[in-house]
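Here is the structure we will look at, set down as structure tokens.
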Amino acid sequence: FPAMPLSSLFANAVLRAQHLHQLAADTYKEFERTYIPEGQRYSIQNAQAAFCFSETIPAPTGKDEAQQRSDVELLRFSLLLIQSWLGPVQFLSRVFTNSLVFGTSDRVYEKLKDLEEGIQALMRELEDGSPRAGQILRQTYDKFDTNLRSDDALLKNYGLLSCFKKDLHKAETYLRVMKCRRFVESSCAF
């Protein structure tokens with residue numbers, strides 16, 4: 001992220017977050033369609049819902065809660081969510097070796113790194129200096145399991161993809177709330 005106006009930094013970060021969230025949602029759907037029998041999907045989704053590491057972070061759970069937090073807090077939460085996936089996504093390309101939707105899986109890590117850098121640039125702008133490591137936890141998710149013949153591995157990956165999708169949705173929401181708060185525009189209704 002070269003030096004640019006704050007509005008451009010926010011616009012770029014939101015676009016990157018939206019793209020990653022859509023990629024995560026498409027990947028989740030493709031994995032589900034390919035590996036999870038239709039009759040099991042709903043019950044598995046409910047069972048997996050409680051296992052997202054991000055649920056242990058005291059972060060806002062929706063747009064209304066996000067609006068109660070400062071921009072710096074929202075950036076820190078977004079950064080934490082993004083960083084928690086940097087390790088696990090490096091294994092995604094092995095899980096989706098012959099996937100059409102996930103043909104770009106090798107680039108997911110780079111896209112996450114770009115978003116991480118964009119969030120750090122926003123933090124520098126808003127904090128007038130370098131981002132403080134502060135409360136950034138270094139906890140992360142497990143790696144994706146590349147053994148797709150095992151039911152346990154399939155369920156683990158399904159749960160991880162569900163968490164990945166949820167976490168990217170949260171990061172996108174936080175960035176959009178901040179952008180709308182600072183730069184009122186027609187695309188703020190979401």
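Every residue gets a Cβ built from N, Cα and C, even glycine.
Database features, via Swiss-Prot:
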BINDING   His19, Glu172  Zn(2+) binding site
DISULFID  Cys52-Cys163  disulfide bond
MOD_RES   Ser105  phosphoserine
DISULFID  Cys180-Cys188  disulfide bond
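Known features from Swiss-Prot, placed on the structure.
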| residue | record | DSSP (3 states) |
| --- | --- | --- |
| His19 | Zn(2+) binding site | helix |
| Cys52 | disulfide bond | coil |
| Cys163 | disulfide bond | helix |
| Glu172 | Zn(2+) binding site | helix |
| Cys180 | disulfide bond | helix |
| Cys188 | disulfide bond | helix |
Legend entry - Rounded Cα separation (Å) that holds between His19 (Zn(2+) binding site) and Cys52 (disulfide bond): 21
Legend entry - Per-residue Cβ crowding (10 Å cut-off), top of disulfide-bonded residues Cys163, Cys180: Cys163
Legend entry - From recorded positions Glu172, Cys180, Cys188, the one whose Cα lies nearest Cys52 (disulfide bond): Glu172
Inset, instruction - Just jot down the residues in the same chain as Cys188 (disulfide bond), at least 6 apart in sequence, with C-beta under 8 A of its C-beta; none if empty. - result: Arg176, Lys179, Cys180
Legend entry - Rounded distance in angstrom between the Cα atoms of Cys163 (disulfide bond) and Glu172 (Zn(2+) binding site): 14
Inset, instruction - Starting from the Cβ of His19 (Zn(2+) binding site), draw a 10 Å sphere and report how many other Cβ atoms land inside it. - result: 15
Legend entry - Intrachain C-beta neighbours of Glu172 (Zn(2+) binding site), sequence separation six or more, cut-off 8 angstroms: Val14, Ala17, Gln18, Leu20, His21
Legend entry - Cys52 (disulfide bond), number of other Cβ atoms within 10 Å: 20
